[in-house]
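Everything below concerns the one structure shown next.
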Amino acid sequence: MYAQVVVDVPTQQTDHSFDYLIPAALEKFIVAGQRVVVPFGRSGRRVQGFVVGTSTTSSYAQKCKPIAYLIDLQPVLSSELLQLSQWLANRTFAFWVDCLQTMLPNVMRAKYSKKAWALTSTVRQSALFQGAAAISVPNDLTQQRQLAQWQKQGQVRIDYLVENKAQTRQQLVLNRVANQDYAHIVTQVKPQATKQRQLLQLFIDHPDWQQITYTALQQKYQIGNSVIKAAIAHGWFTRSQIEIRRNPYTNPVTPSSPQVLTAEQRKAYQTIITSASRPVLLEGVTGSGKTEVYLQVIEHFLQQHKTALMLVPEISLTPQMVTRVRARFGGQVAVLHSGLSQGERYDEWRRINQQQAQVVVGARSAVFAPLRHLGVIIIDEEHEASYKQIDNPRYHARDVALWRGRYHHCPVVLGSATPSLESRARGQKRVYQLVQMPHRVYNQPLPQVQIVDLREQQNLALELNSPLQVDLSQPLITALHQCLKKHEQAILLLNRRGYANFLLCRNCGFVPHCPNCDITLTVHLQEHCLLCHYCGHREPIMKQCQVCGSSKLRLSGTGTQKVETQLQELLPQARVLRMDNDTTTRKGAHQRILQQFAQQQADILLGTQMIAKGLDFPNVTLVGVINADTGLGINDFRANERTFQLLTQVSGRAGRKQKLGQVFIQTYNPDNYAIQLASQQDYEAFYRQEMQFRHQGNYPPYFFLIKITISHQERAQAFKMAYNVAKRIKPILQPREQLLGPVQPTVARIKNRYYYQIIIKYRHNQSLGQLLHQIMNNVQIDKKRGFAIAIDNEPQQME
Ligand code: ADP
Ligand code: ZN
Ligand code: ZN
């Protein structure tokens, strides 16, 4: 028997597997979807791999080496996910093995398990290469028990059992023994053995206890190991090992029950549950009750014994959503996102894999959750850029969700108040079924939005001979005063996109740059340093200018800290909560800040993008956008779309329940159509205008984009390679299709490597994909000469 194994080495082909001999003793156990350890290359070094198939013959039969270890007793990837991985490799131009690994929690990835294999060095030289069986079992009780059982039944002969690095958390427990009469025993114990009596008494007092952990006995009751040991020796108790699930959510939630749906919600609900063959684009204004629709749709499929997957942009930014799902579905919910510890993620993943959780809420990577019998997939805020992975494999969670939806023949819901142009255009063409919810649940009008022209404000300030020193305009300050007076709350957004705090010499204009990258260094006041966001270079904040020696160095740009100070001066009575990268570094900090705000322990929530999304505070009646323009200056065809989305989202935080909302947008570009139409909350008009712009520029959704980035330590080398790549692609382009570049991106040098970029705009090009795979392999082979290549299919960021 042979196994096809995708090994953890950067092979030259993105879709390649290697044949390995299955040792006779392992034949019964090896199936597709398991991880194995195999020798690789001439040196025979051990690498992790994934079994993707088995066969009775191999064209390489003579050369095949045997599999060294089996890591999993049960497959960790279903046949669905195996198929998906292949599709993913093809679509993202990533290595197949990267696609397979990206579907699993980090602790199950090869680089994390290296230590475990090191333990096996004594075994390495001996029997393994002669075809003996070895199984390396993760420190997972379920698997270990399974193995023990097989061994007992004589189904497996284990030559070597190698324990993997501890990935599960386990504890010793003391178990009650069924027919022991503890009340009787305690009377027989000597009076001086007080601890023994105490232990017995515990089990008498708590007849419901079947077991208790050693830790609890030691810490809570001060009963030591020797006492426990003796009690076991007497036969009063037994001991065993149990796994403790690391539960990321220990805070209880108040259960919620379904609301009676409004007519609009009802229609959306009906459409979704009957739409297995076509994705649904749910376009509902902020506060139209999309979340309630999602929850009831999930409920519907749970009743049919199916499972549900719900994606949200970044959980740490939208903890309210997790709370709402947990409130409805309790212990059935598993959560997967980057805010969890490695162990928590591993535990949550196994709960899903063992079908102990039916509802998964998670960020991007949760789209690979090993749910079986999927009933529905929901993508909330489907337009969010964070659904696209920036690193290998560069997948878009929406694409993956659509693939899984087709596989399971289940509804896929794309929800948003401001759908991406791509999705909306597909809705228009009826590729997706478009369902609209144009009204808010309580039929409140959308908030009134006022555009504040900062140019005028500046002129006004000049006339009054007081240069505009503050970032808050007079109309916004007045509104804040009124809001506070009514004991209502306000949200202030500081848009930091494409924007950094840097140091500037007021004498000569010098700005400190990173020595390795072509980018200014960002000031981090709390750590007292200048930091490069590209390579991590850090240096202390200098006291004097390196060029002219002046000490007039000052912080440039608006920061949340600066605005906070201004608020304290202008509105000394206001209680301000700040939410930005600095105040949310600690785990759970988001949640705490939002909770404080929800409990009205503060009047103003001031923050960056992270406060724009999904928050539902009934007492918020005022929203202020301090700088609407920063996103517009970015060299990206989506700049208008992103600005429109952000402004609409944040405006939607105001006046969500009975109270009317008010929004102030401060801008230097009051005539920009994205800002104008966002202030009117007119998605339809924005869509029409933006589609014209996209049409003229041959941008998505009219054309598809591919971005190729090539880098080398020498500028000329990087350019030459990029130039040659462009030369290979040009001949196969169709009329109207375009290749732009090679050009240097704005940040042309990162970590002392020079970058060149090529953009391809294409429509239906049969040969392009194949050619790009070839190019990928060719440049990859040139890795030894220092080249690197990245191909980004449908990039979300143009630079
Ligand atoms: P969206 O997700 O579209 O922004 P939400 O689902 O957050 O909207 O709904 C806005 C508010 O209306 C929430 O406070 C929610 O609890 C409430 N709500 C939603 N649907 C109903 C309903 N059918 N009846 C009463 N209240 C509802
Ligand atoms: Zn200077
Ligand atoms: Zn740098």
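Including glycine, each Cβ sits where the backbone N, Cα and C put it.
Feature annotations, courtesy of TrEMBL:
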- 271-437: domain 'Helicase ATP-binding' (DOMAIN)
- Cys505, Cys508, Cys545, Cys548: Zn(2+) 1 binding site (BINDING)
- Cys514, Cys517, Cys532, Cys535: Zn(2+) 2 binding site (BINDING)
- 540-710: domain 'Helicase C-terminal' (DOMAIN)
Practice task
Enumerate in sequence order the binding-site residues Cys505, Cys508, Cys535, Cys545, Cys548 whose Cβ-atom distance to ligand 3 is under 6 angstroms.
Solution key: Cys535
Handout entry: Cβ-Cβ distance under 8 Å to Cys545 (Zn(2+) 1 binding site), same chain, at least six residues away
Key = Cys505, Asn507, Cys508, Phe510, Ser551, Lys552, Leu553
Exercise for the section: Within the same chain, and leaving aside Cys505, Cys508, Cys545, Cys548, name every residue whose CB is within 8 angstroms of the centroid of the CB atoms belonging to the recorded Zn(2+) 1 site, in sequence order. Expected result: Arg506, Asn507, Gly509, Phe510, Gln546, Val547, Gly549, Ser550, Lys552, Leu553
Handout entry: Cα-to-Cα gap, Cys514 (Zn(2+) 2 binding site) vs Cys548 (Zn(2+) 1 binding site), nearest whole Å
Key = 19
Practice task
Identify which of the following binding-site residues, namely Cys514, Cys517, Cys532, Cys535, place a Cβ less than 6 Å away from any atom of ligand 2, and list them by sequence position.
Solution key: none
Fill in the blank from the handout: Cα-Cα, Cys517 (Zn(2+) 2 binding site) versus Cys548 (Zn(2+) 1 binding site), nearest Å, comes out at 23
Fill in the blank from the handout: Here the binding-site residues are Cys514, Cys517, Cys532, Cys535; the one whose Cβ sees the most other Cβ atoms within 10 Å is Cys514
Completion exercise
Cα-Cα, Cys535 (Zn(2+) 2 binding site) versus Cys548 (Zn(2+) 1 binding site), nearest Å, comes out at 27
Exercise for the section: Tell me, roughly as an integer, the mean pLDDT over the domain 'Helicase C-terminal' (540-710). Expected result: 86
Exercise for the section: Select one residue from Cys505, Cys508, Cys548: among these binding-site residues, choose the one with the most other Cβ atoms within 10 Å of its Cβ. Expected result: Cys505
Handout entry: Cys532 (Zn(2+) 2 binding site) and Cys548 (Zn(2+) 1 binding site), distance between Cα atoms, whole Å
Key = 23
